[in-house]
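A.B. asks: Structure incoming, see below.
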Amino acid sequence: MGNDYYYECPHPVAIPPAKPFIESIKSGIKETLFPDDPFRQFKNQPASRKFILGLQYFVPVLEWAPRYTFEFFKADLLAGITIASLAVPQGISYASLANLPPIIGLYSSFVPPLVYAMLGSSKDLAVGTVAVASLLISSMLGKEVHPNENPKLYVQLAFTATFFAGVFQAALGFLRLGFIVDFLSQAAIVGFMGGAATVVCLQQLKGILGLVRFTHETDLVSVMRSVFSQAHQWRWESGVLGCCFLFFLILTRYASKRKPGFFWISAMAPLTSVIVGSVLVYLTRAEQNGVQVIGHLKKGLNPPSVSELAFGSPYLMTAIKTGIITGVIVLAEGVAVGRSFAMFKNYHIDGNKEMIAFGMMNIAGSCTSCYLTTGPFSRTAVNFNAGCRTAVSNIVMATAVMITLLFLTPLFHYTPLVVLSSIIISAMLGLIDYEAAISLWKVDKCDFIVCMSAYIGVVFCSVEIGLVIAVAISLLRMLMSVARPRTFLLGNIPNSMIYRSIDQYPIANTVPGVLILQIDAPVYFANANYLRERISRWIYEEEEKLKSTGGSSLQYVILDLSAVGSIDTSGISMLEEVKKNIDRRDLKLVLANPRSEVIKKLEKSKFMESIGQEWIYLTVGEAVAACNLMLHRSKSNNPATDKDELDAHDNV
């Protein structure tokens with residue numbers, strides 16, 4: 001099974017030197033909170049240079065602005081104008097979805113993009129409102145305060161929720177706690193976004209059918225009941241107009257996907273729909289025939305709203321809860337979108353910087369009559385395809401929105417609500433990623449269950465319940481992987497010294513008289529009892545198997561600890577109990593390849609002394625070689641004990 005030199009000279013397992021406790025704590029904190037080592041650029045720099053680097057770190061515009069060129073500006077100007085044509089109709093549409101005045105949607109595309117351009121690290125992210133956050137705000141705040149019965153308080157709570165979302169986002173960035181967002185798995189996000197998009201589309205049936213009253217519930221049953229209970233109030237004019245514009249928007253989206261060079265067709269389609277719809281309503285006087293329009297939008301830039309933040313409201317806790325939940329959702333979406341497009345241009349964005357930028361722009365937005373914003377995928381894709389070079393495209397977009405607010409808002413008076421509903425539906429269809437769900441089914445059935453649970457929870461219950469279900473199932477799966485780690489039976493690959501799982505490699509052969517098990521996870525209090533029972537069952541099953549087949553009796557149990565990165569005191573107690581159980585069966589416990597953290601704790605706990613360092617080996621191959629030597633000499637009826645034989649063998 002190998003050469004004699006390998007058996008005669010096994011490599012001893014080294015015990016790493018102990019680190020001072022304070023140094024271990026510092027190392028752990030650094031690895032947890034600073035995996036990218038942001039302080040390395042400050043090393044060996046004078047104080048003045050450190051100050052400049054610190055400013056550039058927190059205000060990235062100071063780093064790239066000195067290198068900005070006229071060529072960059074030409075590209076950013078075109079991209080900014082293009083996304084502005086998308087931002088105006090989307091801002092109005094999504095504000096209506098959040099049950100906020102349409103003008104607040106325009107305000108939200110003015111101040112936040114300016115703040116992000118200063119603080120953001122992404123060159124491609126285009127800032128604006130998003131449908132999912134708008135729906136969450138409407139759903140969560142609408143349960144406490146009716147937007148039509150008490151519109152002023154409702155708007156104040158929306159601003160307050162935005163403020164707390166920004167505070168939470170900025171705190172995550174400053175404290176470098178962005179890993180919290182990672183608890184939203186990709187499968188959960190796919191299901192949640194798809195479910196939210198479906199709910200948003202169903203909610204737009206109100207505008208498509210021209211209904212005046214509509215349910216504020218978001219579940220499928222309530223929406224369908226509201227639609228069909230008012231069948232006698234359906235407006236065919238709105239239905240026809242809505243279907244025509246929806247067909248036009250879907251057609252332009254399809255054309256842009258087939259021919260990426262014509263991205264501007266899809267980008268201009270929403271604004272074109274708004275213009276055409278407004279002209280049709282004005283010329284045909286459709287407003288008088290039941291087609292609902294936006295109505296008056298006041299001119300002017302964002303009024304301050306600091307005094308509108310409802311810190312003393314009895315609904316403050318609702319606003320805080322709404323802010324934290326929506327803040328996490330838009331943060332996950334914005335960071336994911338930014339990283340996705342950064343990969344296309346081969347540059348890196350700092351997730352913690354992005355969190356700070358999102359937080360500061362939402363804090364600033366809440367004080368200037370804006371509601372929650374992030375980097376939506378659709379707007380960012382248009383910005384990317386338009387050839388943006390830096391965040392200046394956001395400044396150009398904000399300038400275009402400013403001009404709209406100052407001079408063009410009266411032109412939106414006749415914009416039909418049905419056009420806004422069509423714009424929202426066409427945008428939401430792109431969020432229902434059925435291809436990703438199919439891929440999840442093929443790759444990982446558990447992830448598919450998480451995805452569909454989130455989708456079903458959102459569609460049939462509520463957005464909040466769907467989100468809770470998605471997070472709960474993801475956490476449950478993570479806990480199950482920790483509490484129930486896998487253990488494998490290892491065998492020898494023929495003509496080698498390699499030992500691998502027999503399930504993965506059926507050609508691997510078991511070693512007579514030796515049971516080789518691999519533990520595939522760290523050993524903690526959460527899984528120690530399970531592993532003790534599972535190892536005992538492996539031993540029992542192996543002994544029963546050998547009895548039934550008449551094979552050699554079991555003599556040694558080798559635990560491969562190569563995948564055990566860490567162990568706690570409960571895990572050490574488990575190993576002690578396993579050793580006692582194995583000793584009662586007249587077997588011998590052998591350890592192979594314990595990692596540095598594990599071997600340090602085994603040595604400090606005196607377990608190494610209990611098992612004997614001569615029974616701890618660097619590889620499974622060396623452990624098997626020693627066990628085979630013992631078995632061979634045992635068959636020769638040598639009176640020496642196993643320990644003496646092994647010592648004599650090692651001293652040859």
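Here the Cβ of each residue, glycine as well, is placed from N, Cα and C on the backbone.
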A.B. asks: Can you check which of 80-102, 356-378, 494-516, 586-608 TrEMBL lists as transmembrane segment?
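C.D. replies: Based on what TrEMBL states, transmembrane segment spans 356-378.
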A.B. asks: Taking the transmembrane segment (390-408) as the first stretch and the transmembrane segment (262-283) as the second, find out whether 3 or more Cβ pairs fall under 8 Å, excluding pairs closer than 6 in sequence.
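C.D. replies: Since fewer than 3 Cβ pairs under 8 Å link them, the transmembrane segment (390-408) and the transmembrane segment (262-283) do not come into contact.
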A.B. asks: Under 8 Å, at least 3 Cβ pairs, sequence separation 6 or more: does that hold for the transmembrane segment (187-214) versus the transmembrane segment (262-283)?
C.D. replies: no
A.B. asks: Report the listed stretch (234-255, 315-336, 452-476) having the maximum count of Cβ pairs within less than 8 Å of the transmembrane segment (153-175).
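C.D. replies: Highest pair count goes to 315-336.
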A.B. asks: Tally Cβ pairs under 8 Å between the transmembrane segment (415-432) and each listed stretch (125-141, 234-255, 315-336, 452-476), then give the stretch with the top tally.
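C.D. replies: Between the candidates 125-141, 234-255, 315-336, 452-476, the best contact partner of the transmembrane segment (415-432) is 234-255.
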A.B. asks: May I ask which of the stretches 125-141, 234-255, 262-283 has the most CB pairs under 8 A with the transmembrane segment (315-336)?
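C.D. replies: Counting Cβ pairs under 8 Å, the winner is 125-141.
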A.B. asks: Which residues of the chain, 6 or more past the ends of the transmembrane segment (234-255), have a CB below 8 A from one of its CBs?
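C.D. replies: For the transmembrane segment (234-255), the sequence-distant neighbours (Cβ-Cβ under 8 Å, at least 6 residues beyond its ends) are 207-211, 262, 265-266, 269-270, 273, 276-277, 280, 286, 289-292, 416, 418-419, 421-423, 425-426, 429-430.
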A.B. asks: Grab the pLDDT values for the domain 'STAS' (504-627) and give me their mean, rounded.
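C.D. replies: When the pLDDT values over the domain 'STAS' (504-627) are averaged, the result is 90.
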